[in-house]
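Annotation source TrEMBL lists 5-amino-6-(D-ribitylamino)uracil binding site at TRP31, SER65, PHE66, GLU67, CYS90, VAL91, ILE92, PHE123. Here TrEMBL flags GLU95, THR96, ARG137 as (2S)-2-hydroxy-3-oxobutyl phosphate binding site. Per TrEMBL, active site, proton donor is recorded for HIS98.
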Amino acid sequence: MATANKNLSEYDKSTLPDAKDFKVGIVVSEWNDKVTNGLFSGAKEALLDCGMSEENIVRWDVPGSFELIFGAKRMIEVDENLDAVIVIGCVIKGETMHFDFVCQGVTQGIKDLNLISEIPVIFCVLTDNNEQQSLDRSGGVHGNKGTEAAIAALKMIELNTKF
Ligand SMILES: Nc1c(NC[C@H](O)[C@H](O)[C@H](O)CO)[nH]c(=O)[nH]c1=O
Ligand SMILES: CC(=O)[C@@H](O)COP(=O)(O)O
């Protein structure tokens with residue numbers, strides 16, 4: 001199902017755990033910061049709506065999406081009380097192949113982090129053809145992928161604490 005057929009901001013609180021005792025780190029890329037700050041707002045609002053306390057939402061900023069990998073790895077190393085990390089970025093296609101390599105690099109890097117980490121690392125990185133697509137997915141017509149990422153984080157924390 002494409003995003004066009006699913007609003008990214010929709011969720012059913014009754015299906016989610018109470019987040020009052022959870023702690024989540026959010027690493028935010030500064031590239032396309034109008035979009036990444038919109039994604040962060042969506043994620044934060046959803047986490048607060050599900051009961052998380054504001055002091056348990058830790059934000060770090062990094063220069064670009066490629067640095068999300070090291071930022072998430074380092075955040076996990078320095079804060080053993082985190083239950084999940086969300087990485088937020090926005091990669092928009094330009095004139096060259098750099099878009100392809102950044103997207104692939106970040107995707108593979110976050111995938112690798114999930115293989116070695118004890119907590120889930122949620123992939124909230126837009127990889128769009130133009131800025132309008134990014135605006136549409138960070139609080140626009142298609143909702144907010146940051147909200148979707150927060151919900152995914154809560155569901156994965158619940159799964160991870162079952163075993
Ligand atoms: N073009 C975009 C970038 N490029 C920068 C890289 O992410 C990285 O910071 C640089 O290569 C230094 O390592 N980053 C984005 O997040 N979005 C873009 O559209
Ligand atoms: C994803 C990028 O790095 C890209 O936006 C940079 O633009 P360009 O390919 O025109 O250098």
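Indices start at 1 and increase along the chain as displayed.
Yeah, the Cβs are placed from backbone N, Cα and C, and that goes for glycine too.
Because the structure is a prediction, the values reported are computed rather than measured.
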Restricting to the chain of PHE66 (5-amino-6-(D-ribitylamino)uracil binding site) and a gap of 6 or more, list residues whose Cβ falls under 8 Å of its Cβ, or answer none.
VAL102, GLY105, VAL106, GLY109
Looking at the binding-site residues GLU67, GLU95, which one has the fewest other Cβ atoms within 10 Å of its own Cβ?
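Per-residue Cβ counts within 10 Å for the binding-site residues GLU67, GLU95 bottom out at GLU95.
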I need the CA-to-CA distance for PHE123 (5-amino-6-(D-ribitylamino)uracil binding site) versus GLU95 ((2S)-2-hydroxy-3-oxobutyl phosphate binding site), whole Å please.
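Pair distance, Cα basis, whole Å: 25 Å.
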If H, G and I count as helix, E and B as strand, and all else as coil, what does DSSP give for GLU95 ((2S)-2-hydroxy-3-oxobutyl phosphate binding site)?
coil
Pairwise over TRP31, SER65, PHE66, GLU67, CYS90, VAL91, ILE92, PHE123, annotated as binding 5-amino-6-(D-ribitylamino)uracil, what's the top Cα to Cα distance to the nearest Å?
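Across TRP31, SER65, PHE66, GLU67, CYS90, VAL91, ILE92, PHE123, the widest Cα separation comes out at 16 Å.
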Only counting partners 6 or more residues apart, tell me which same-chain residues put their Cβ under 8 Å from the Cβ of CYS90 (5-amino-6-(D-ribitylamino)uracil binding site).
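CYS90 (5-amino-6-(D-ribitylamino)uracil binding site) has long-range Cβ partners SER29, TRP31, ASN32, VAL35, THR36, LEU39, SER65, VAL125, LEU126, ASP128, SER134, SER138.
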Measure from the CA atom of the residue listed as 'active site, proton donor' to the CA atom of GLU67 (5-amino-6-(D-ribitylamino)uracil binding site) and give the result in Å, rounded to a whole number.
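One finds 15 Å between the Cα atoms of these residues.
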Where does PHE66 (5-amino-6-(D-ribitylamino)uracil binding site) sit in the DSSP three-state scheme?
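PHE66 (5-amino-6-(D-ribitylamino)uracil binding site) sits in a helix per DSSP.
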Near ligand 1, which of the binding-site residues show up if the criterion is a Cβ under 6 Å from one of its atoms? Options: GLU95, THR96, PHE123, ARG137.
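The qualifying binding-site residues: none of them.
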Among the recorded positions HIS98, ARG137, which residue has its Cβ surrounded by the fewest other Cβ atoms within 10 Å?
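It is HIS98 that, of the recorded positions HIS98, ARG137, has the fewest other Cβ atoms within 10 Å.
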Sorted by position, what residues of the same chain at least six away from VAL91 (5-amino-6-(D-ribitylamino)uracil binding site) have a C-beta under 8 A from it?
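Sequence-distant Cβ neighbours: TRP31, ASN32, SER65, PHE99, VAL102, CYS103, VAL106, VAL125, LEU126, THR127, ASP128.
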Taking the Cβ of ILE92 (5-amino-6-(D-ribitylamino)uracil binding site) as the centre, count every other Cβ atom within 10 Å, in any protein chain shown.
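17, counting other Cβ atoms within 10 Å of ILE92 (5-amino-6-(D-ribitylamino)uracil binding site).
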According to DSSP, does ARG137 ((2S)-2-hydroxy-3-oxobutyl phosphate binding site) fall in a helix, a strand, or coil?
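Looking at the DSSP assignment, ARG137 ((2S)-2-hydroxy-3-oxobutyl phosphate binding site) belongs to neither helix nor strand, so coil.
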